[in-house]
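Undergrad: Okay, handing you the structure first.
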Amino acid sequence: MSQPLSLYNTLTRQKAPFEPLNAPFVGVYLCGPTVYSEAHVGNARGPVVFDVLTRYLRYLEYKVRYVRNITDVGHLVDDADEGEDKIGRIARARQVEPMEVAEGYTNLYQDHMVALGCLPPDITPRASGHIIEQIEMVQQIMANGFAYESNGSVYFDVPAYNAAGRAYGKLSNRVVEELLAGSRDNLTGQDEKRSPLDFALWKRADERHLMRWPSPFGEAPGEGFPGWHLECSAMSRKYLGAEFDIHGGGLDLMFPHHECEIAQSQACEHPTNEARVWMHNNMITVNGQKMSKSAGNFITVSQLFSGENEVLAQAYSPMTTRFFLLQAHYRSPVDITDEGMQGAGKGYRKIMNGLRLLPKLQLPEGTGVAVDTSAADAELRKLADDCFVGLNDDLNTARTLASLFNLLRKLNGYAAKPDTLAQVSPEALAEATATYRTLVQDVLGLRDEPRARAEDLLGLTLHFYQEAKAAKDYGKVDEIRAALKQQGIVVKDSKTGVDWAYSEE
RNA sequence: GGUGACGUGACCGAGCGGCUAGGUAGAGGUCUGCAAAACCUCCUACGGCGGUUCGAAUCCGCCCGUCACCUCCA
């Protein structure tokens with residue numbers, strides 16, 4: 001590989017070679033889902049992108065600690081600071097424990113991520129399991145003079161933070177004055193804040209809140225719950241340190257969520273931007289429009305996999321979805337259409353067929369390798385090396401796939417005419433096939449997704465078994481029986497027909 | 001209203017000053033009992049109007065259009 005890995009940093013708005021704080025260790029944090037509803041397709045993009053990122057970092061032999069949180073503390077239903085918490089409302093409606101709601105959606109989310117080929121994170125911290133850490137962080141921010149208690153709640157003091165020269169807004173390029181000018185005054189609960197820009201670190205809970213914890217804030221002993229941005233700061237700090245390497249999330253989290261995270265972290269430790277590199281994946285649209293419930297184009301991950309959604313003509317498999325997402329660069333918006341998904345499905349199959357081809361790239365027996373293989377070797381090495389160019393350029397998986405297709409075309413050519421393998425050295429061929437296999441499987445995380453079901457194939461075999469039997473071709477009959485037995489399957493003849501069972505031997 | 005991003009061939013989607021990815025679809029061919037796969041060839045585009053430059057999809061300006069954030073949101 002010629003180029004080092006470069007990543008685009010939202011903080012600096014430019015690409016820079018990636019250098020870990022403490023090589024070979026790399027800390028990566030991705031904002032995970034809020035588990036009060038089922039994940040939609042947009043929720044899958046970040047995890048897929050960061051799965052490729054962490055896989056590639058590991059390929060580069062870094063020791064990665066990848067943290068992806070679960071937010072299960074029941075953020076509010078309303079835009080305003082009042083109202084029920086979302087998990088609590090569902091729990092009440094279903095008459096179950098709030099944690100049952102959170103657990104159910106958490107399990108579903110994780111199943112979906114596994115289906116999409118995402119390796120499990122090294123740590124999956126729950127916000128609800130880190131209330132103490134969050135309270136401690138609030139106390140520290142207060143002690144440092146960047147937060148104040150008001151009616152049992154605690155707010156981050158943005159003006160005080162900025163007065164200390166800390167630049168709230170540096171991530172999202174916001175100017176505090178402009179934010180003030182554009183801020184809405186009609187939000188309720190503003191009277192507790194000194195400035196409209198201040199945000200909650202801790203909220204006092206009323207009886208309508210099901211998810212609440214004993215609160216040290218305010219005069220009387222009460223209960224409360226952590227603010228909307230605090231868990232990521234507290235948990236990333238706990239597991240990755242006050243400053244770590246890479247923090248990611250959707251573009252829509254940049255402001256205010258990540259901006260607030262930086263402020264919270266920096267109010268504790270100074271100086272830090274929480275993460276050195278901030279990465280933001282772009283949004284997914286459906287037929288050119290943002291996914292939203294009101295527009296009627298909201299696609300959950302399950303619906304995509306099952307095809308049960310009005311805007312979808314058919315079901316799309318997890319690997320088709322993954323391929324589709326990787327075919328675009330993560331910082332570009334990507335539009336889901338049936339045509340696009342169908343094209344991705346075919347492209348994915350082509351890549352998989354290439355994987356199956358690799359072991360068959362053998363020089364025919366009795367054929368010798370040419371004396372001078374330098375030209376073909378150089379061509380093949382160039383094709384293989386090109387595959388890393390896109391990856392190193394800010395994880396441009398679209399380019400990587402294009403390069404892999406170029407490499408594949410060459411390999412397919414060899415497969416079509418095996419005698420041409422004599423032009424290339426076994427070493428160069430081995431390198432090229434290893435690159436293809438490693439990048440496809442280990443880095444891009446595309447696994448072979450069986451199309452045919454074993455049971456259907458077995459039915460087909462039994463069909464031929466019956467035909468052979470009807471033709472009294474007992475040699476063929478015995479052959480099929482023996483072959484199936486090798487697979488642990490016994491054929492059962494009966495008067496009503498043919499069936500099979502698992503061999504009990 | 002403020003901030004930011006983007007408009008690429010039939011569709012998706014890279015590229016971001018000269019060498020003009022890739023996938024899907026389409027056309028022709030090789031191979032083939034038929035077909036599929038594969039390979040070869042073809043279809044060569046950058047919203048509009050100006051400007052900078054020897055040269056622009058790529059830089060600048062204006063216009064049109066789309067999207068996102070500013071409020072929970074991946």
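Backbone N, Cα and C define each Cβ position, glycine as well.
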Undergrad: Do you know which of A:Cys232, A:Cys268 TrEMBL groups with A:Cys31, A:His257, A:Glu261 in the Zn(2+) site?
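TA: Of the residues offered, the record points to A:Cys232.
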Undergrad: Which is it, of A:33-43, A:88-98, A:143-153, A:242-252, that TrEMBL names as motif ''HIGH' region'?
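TA: Within the set A:33-43, A:88-98, A:143-153, A:242-252, TrEMBL attaches motif ''HIGH' region' to A:33-43.
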Undergrad: Which is it, of A:215-219, A:290-294, A:335-339, that TrEMBL names as motif ''KMSKS' region'?
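TA: Residues A:290-294 are the ones TrEMBL records as motif ''KMSKS' region'.
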Undergrad: Counting only residues 6+ away in sequence within the same chain, which have a CB under 8 Å from the CB of A:Glu261 (Zn(2+) binding site)?
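TA: In sequence order, the residues whose Cβ lies under 8 Å from that of A:Glu261 (Zn(2+) binding site) (at least 6 apart) are A:His229, A:Cys232, A:Ser233, A:Ser236, A:His247, A:Glu274.
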Undergrad: If one looks at the chain holding A:His257 (Zn(2+) binding site), which residues at least 6 apart in sequence have a CB under 8 angstroms from its CB?
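TA: In sequence order, A:Cys31, A:Trp228, A:His229, A:Cys232, A:Gly249 meet the Cβ cut-off.
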Undergrad: I'd like to know the mean pLDDT over the motif ''KMSKS' region' (A:290-294).
TA: 68
Undergrad: Highest Cβ count within 10 Å among the binding-site residues A:Cys31, A:Cys232: which residue is it?
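TA: Result of the Cβ crowding comparison: A:Cys232.
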Undergrad: Determine, for the Zn(2+) site, the additional residues of the same chain whose CB lies within 8 Å of the mean position of the CB atoms of A:Cys31, A:Cys232, A:His257, A:Glu261; present them in sequence order.
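TA: Neighbours found: A:His229, A:Glu231, A:Ser233, A:His247, A:Gly249, A:Leu253, A:His258, A:Cys260.
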